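Novice: The structure is given below, and queries will be raised subsequently.
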Amino acid sequence: MSRNILILPGDGIGPEITAEAVKILEAARSEGLDITLSEGKVGGAGYDAAGHPLPAETLEAAKAADAILLGAVGGPQWDKLGDISLRPERGLLGLRKELELFANLRPAILYPQLAEASSLKPEVVSGLDIMIVRELTGGIYFGQPRGIERRDGQQVGYNTYVYSESEIERIGRTAFEMAQKRNKKLCSVDKANVLEVTMLWRDVMERISADYPDVELSHMYVDNAAMQLVRAPKQFDVVVTGNMFGDILSDEAAMLTGSIGMLPSASLNAGGQGMYEPCHGSAPDIAGQGIANPLATILSVAMMLRYSLNEAAWAERIEKAVGVVLDEGLRTADIAYAGTRKVSTSEMGDAVLAAFKAQA
Ligand SMILES: NC(=O)C1=CN([C@@H]2O[C@H](COP(=O)(O)OP(=O)(O)OC[C@H]3O[C@@H](n4cnc5c(N)ncnc54)[C@H](O)[C@@H]3O)[C@@H](O)[C@H]2O)C=CC1
Ligand SMILES: CC(C)CC(=O)C(=O)O
Ligand SMILES: [Mg+2]
């Protein structure tokens, strides 16, 4: 049966990078992978077309899709919208919440060819392979109450950091299962020395660890984790953390792999449906210049094939194609250094496509 994939390019560099990833999906389809592609609008593009960052038509198509590929949302032209519920980022948050995509997997893997592009010394990062498991539908990004209001003659802004036991338990179990499939080491990152919500987080992680006796559970405060990630990142294998800490730590981890343009992600719900997107944003500073790195988006397609479509062999072909192109010395500007050949977004996409086809 044909699997139905919804493409949501979004804003800024979103359309540029998803176009390169779609080339790979179309090549796979022409070689026999049974998929159907359709496209929708989200974020600022959704607002401009339909007056809402998550148009009803897009939400309906997303619910019906077997998997979604999203570029990125946001941009300065929409930051001025007075009604914050209409801003592009709310479209993305709405999609995550409506589809209950609570488990966000962000693998920070250093391709050996990019050791020199990493922000850290090659010996500190060589062989780096961390899986960050970020809770995606709760925490401070969703907690109520939230708002900005006048109190005592001045404006006060507030958000609520809230997690229920069941929300912590389900992301915890996802992380323990991931650790079981990998190196049986799980580090839970919290701020349990200050925040009650993360004291509960730590207690739940401890309680459920009894069901995974083969996994070694450790705990780390988020400030220390941020420091350890740049001091000795290879001490981590699977990291589980809440929505905001995971957002921040994964951008930090991206730089260990050479660039934010290298980090793919999968956002999964309990039914295995998934949305796949690069970890970066819409990069308005480079949008329209044809210089964005499409590899995080292309690698997100590999994650889609592995996690939602159960097509690991196709996923491996994509990952291998990326390796071939890096071996050839091709680099977008963000990962270029002396001795490599700087290429545009579409040249990089075409090179990956050629390396992908060469494995047919
Ligand atoms: N998942 C999403 O759709 C996300 C959306 N955003 C939105 O994106 C907009 C810009 O946010 P920023 O904080 O600037 O984060 P950003 O991730 O868009 O950009 C940060 C820096 O990384 C660079 N960069 C990002 N992706 C790149 C790529 N593929 N290749 C080369 N360089 C790349 C950018 O040029 C910029 O200098 C905002 O509106 C923000 O809300 C931010 C993060 C995630
Ligand atoms: C809603 C997004 C802008 C949050 C984000 O930065 C991310 O998911 O990486
Ligand atoms: Mg982010």
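For all residues, glycine too, the Cβ spot is worked out from N, Cα and C.
Automated prediction, rather than curation, is the source of TrEMBL annotations.
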Novice: Going by the substrate site in TrEMBL, where R96, R134, D223 are listed, which of the candidates R87, R106, R146, R150 is also part of it?
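Specialist: The record-listed residue among the candidates is R106.
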Novice: At the Cα level, what's the spacing in Å between Y141 (site 'Important for catalysis') and A287 (NAD(+) binding site), rounded?
Specialist: 26
Novice: Which ones, of the binding-site residues D223, D251, Q289, have a Cα no more than 10 Å from the Cα of K191 (site 'Important for catalysis')?
Specialist: D223
Novice: Enumerate same-chain residues with a sequence separation of six or more from D247 (Mg(2+) binding site) and a Cβ-Cβ distance below 8 A; give 'none' if the list is empty.
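Specialist: When sequence neighbours closer than 6 are ignored, D247 (Mg(2+) binding site) has R134 within Cβ distance under 8 Å.
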Novice: Reduced to three states, what secondary structure does DSSP give Q289 (NAD(+) binding site)?
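Specialist: In three-state terms, Q289 (NAD(+) binding site) counts as coil.
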